Every structure is written in C-alpha cells, then in structure tokens.
Amino acid sequence: MAFLHNGNHTAVTEFILLGLTDDPVFRVILFTIILCIYLVTVSGNLSTILLIRVSSQLHHPMYFFLSHLASVDIGYSSSVTPNMLANFLVEKNTISYLGCTIQLSLAAFCGTVECFLLATMAYDRFMAICSPLLYSTKMSTQVCIQLIVGSYIGGFLNASSFTLFFLSFLFCGPNRINHFYCDFAPLVALSCSDVSVSEVVTSFFSGSVTMITMLVIAISYTYILITILKMRSTEGRHKAFSTCTSHLTAVTLFYGTITFIYVMPKSSFSTDQNKVVSVFYMVVIPMLNPLIYSLRNNEIKDALKRHLGKKIFS
C-alpha cells in the first residue's frame, strides 16, 4: 500500500522511482555496467584507505585527507547504487518512505562533506607549497582532525536541513519520482504542501557550501600557481605541479557536474540529461578518484609497488 489516510492528509509509505529507462534490454546493460563500476569504486577506495594506513611514507596530512575522501566516496556511491541495481531487476521500482529519507540524507551528507574535503585538500596544498617552513605547524595533527571534524559537522548540518524539510512535506499522490533516487528537487515537485521556504533555505545552504568551498579552492590554487611560477628549479616546479594535478582533476570533475545541475538554468537541459549527469557525479566520479590519485601521484605509486613487491616475493 502506497498511502495511509489520516484525517484530511495522506501519509505516504512508499515512492515509485521511474529510474533511467523502461527498456528491459537496456536495463540489463546498465545493470552490468553500473555493477562493475560499483565494485571498482568500493575496491579502489578501500585499497586507497588500506594503502595509506599501512604505508608509513604516506602518513602525511594530504593522504590523511585523501583517506577520508575515499571513505566518503564509498558512502556517496553506496547511498544510491545498491538500490539502483536492485531496481534494474524488477518491473516496479519502489522505495519506502524511510528508505527515501535515508537515501536523501546520506547523499546530501556525503556530497557536502566531499565539497569541504576538496577545499581542505586545496588549503593543504597551499600551505605545503606556499609556506613549506610553517607547514608542519599549520597542518599539525590537531589542525587536521579539526578540519575533518568540521567537514563532517558541515555535512551533517546541511543534510539535516534537507531531511527535516522532507519530513514536513505532505504528498497527495501519485508519488512517482522522475529520477533513479530520492533527490530533493523531484520530491519538492511532488509535494502538495507549501515548499517555498524549504526551497529557499536548502538552496541557500547548498549554494553557500558550494560557493565558499569553490572560493577556497580558487584562492588556494591562485597562490599556488604564483608560487610555482616564481620557482627557479625546474625539478621543484615539476614536483609541485605533480602533487596538484590529481587534486585539480578531481575538483574539476566534481564541481563541473555540480555546476551543470545546480547552477545552470533548468530550462537549458532536460530531466534525462539531469539523470545522466547525476549518475556521473554520484556513481562514476567516486570510481575515478582513486584512479586519478594513484595514477598521477608518484608517492602512492611507489608505496603500491613496494607493498606489491613484498607480497610477491614474501
């Protein structure tokens, strides 16, 4: 049963997710592709976390933040992918009210924390390249923990705003969500209660998080670029660039897709395009991050070679 009647209001017990496609053949193809992506995402990010834990040469702030980014990427992908995979195998894609609440909360939490972590990692690179003599003091263990805790608190507060407003919504049915997961925008469109305040507040919080973190990243890399251009040593320039390119690649991919969905006018792209971009930043990017950081970072590659060599020759 999808509805429970209580007086003049209708209490929803489940939603119908319209998903990515109705074509049964395409559903099987998508199931196979996304399952492979999810397995690579979990194994790749877990490998990154374990490698950083066991490699003493990676016990630095940059890799401490990277291990948390890998954890968040697993959570981000897991917030939508398992349910999406299950729905590919059934005709009627449903999700319970509680499941929708959890999915919305976890996706908002992980997405917000990822923004803060990417900004924190940019600040870390700024301190390492622009103020190397003060780096060990400015990026002490205590400071790193405070930055991580602050990122998670920020994620919790932003996710709470989405969750609380969603719980206050009234739905008159039919509760068909034109998406593959419980995103806030289609839920707002379904609600038959006044959503004006919720739209303004959640847009303000999300916009503030996005703009502040992008500003921190932009300022950090502006100073980094100026410092690198002033370096006389070619080797020093190359090393500085190599430590920043992987992070810049991850930042460009993540914020590029967020800008497409949340900044561009809604009339400029269709709902189907929105779904495709959502798949990219919630499913594909969490898989790409460990590949980007491992392939473009010599310290991670060296640590991986050392541990693989120990396993092979032990």
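From the backbone N, Cα and C atoms, a Cβ is placed for every residue, glycine too.
Taken from Swiss-Prot, the feature topological domain 'Extracellular' covers 1-28 (among others).
Taken from Swiss-Prot, the feature N-linked glycosylation site applies to N8, supported by sequence analysis.
Summarising the annotation, Swiss-Prot assigns transmembrane segment to 29-49 (among others).
Taken from Swiss-Prot, the feature topological domain 'Cytoplasmic' covers 50-57 (among others), and the record attributes it to sequence analysis. Same-chain residues lying 6 or more positions outside the topological domain 'Cytoplasmic' (50-57) and placing a CB less than 8 Å from one of its CB atoms are 63-64, 66-67, 299-300, 302-304, 306-307.
The transmembrane segment annotation in Swiss-Prot covers 58-78 (among others) and rests on sequence analysis.
Cβ atoms under 8 Å from those of the topological domain 'Extracellular' (79-102) belong to residues 12-20, 27-28, 30-31, 34-35, 37-38, 41, 110, 163, 166-167, 180-182, 187, 282-283 of the same chain, restricted to positions at least 6 beyond its ends. The topological domain 'Extracellular' annotation in Swiss-Prot covers 79-102 (among others).
For C100-C192, the entry in Swiss-Prot reads disulfide bond, with the evidence type sequence analysis. Reduced to three states, the DSSP call for C100 (disulfide bond) is helix.
Panel annotation: around the transmembrane segment (103-123), residues 62, 65-66, 68-69, 72-73, 75-76, 78-80, 83, 95, 147-148, 150-152, 154-156, 158-160, 162-163, 166, 181-184, 187, 206, 209-210, 212-214, 216-217, 220-221, 247, 250-251, 254-255, 282 of the same chain, lying at least six beyond its termini, place a Cβ under 8 Å from a Cβ of the stretch. The transmembrane segment feature in Swiss-Prot is assigned to 103-123 (among others); the stated evidence is sequence analysis.
Remark: secondary structure over the topological domain 'Cytoplasmic' (124-136) totals 12 helix, 0 strand, 1 coil, with classes taken from DSSP. Residues or ranges marked as topological domain 'Cytoplasmic' in Swiss-Prot: 124-136 (among others).
Panel annotation: around the transmembrane segment (137-157), residues 61, 64-65, 68, 108-113, 116-117, 120, 123-124, 127-128, 131, 205, 209 of the same chain, lying at least six beyond its termini, place a Cβ under 8 Å from a Cβ of the stretch. Among the features that Swiss-Prot reports, transmembrane segment is placed at 137-157 (among others).
What Swiss-Prot lists as topological domain 'Extracellular' is 158-199 (among others), and the listing cites sequence analysis. Distant neighbours of the topological domain 'Extracellular' (158-199): 2-3, 9-10, 12, 14-20, 79-80, 83-84, 87, 95, 99-101, 103-109, 112, 205-206, 209, 271, 274-275, 278-279, 282; these residues of the same chain sit at least 6 beyond its ends, with a Cβ under 8 Å from one of its Cβ atoms.
The transmembrane segment annotation in Swiss-Prot covers 200-220 (among others) and is backed by sequence analysis. Sequence-remote contacts of a segment are chain residues at least 6 beyond its ends whose Cβ falls under 8 Å from one of its Cβ atoms, and for the transmembrane segment (200-220) they are 112, 115-116, 118-119, 122-123, 125-126, 154, 157-158, 161-162, 165, 184, 251, 255, 258, 262.
Swiss-Prot lists 221-240 (among others) with the feature topological domain 'Cytoplasmic'. Outside the topological domain 'Cytoplasmic' (221-240) by six or more residues, the chain places 122, 125-126, 129-130, 248 with a CB less than 8 A from a CB of the stretch.
Sequence annotations record features per position, and here Swiss-Prot assigns transmembrane segment to 241-261 (among others).
For the topological domain 'Extracellular' (262-274), the model's pLDDT averages out at 64. Taken from Swiss-Prot, the feature topological domain 'Extracellular' applies to 262-274 (among others), supported by sequence analysis.
Sequence annotations record features per position, and here Swiss-Prot assigns transmembrane segment to 275-295 (among others) based on sequence analysis.
Most other Cβ atoms within 10 A: among the disulfide-bonded residues C100, C192, that distinction falls to C100.
Here the topological domain 'Cytoplasmic' (124-136) has Cβ contacts under 8 Å with residues 61-62, 65, 220-221, 223-224, 227-228, 240, 243-244, 247 of the same chain, all six or more residues outside its ends.
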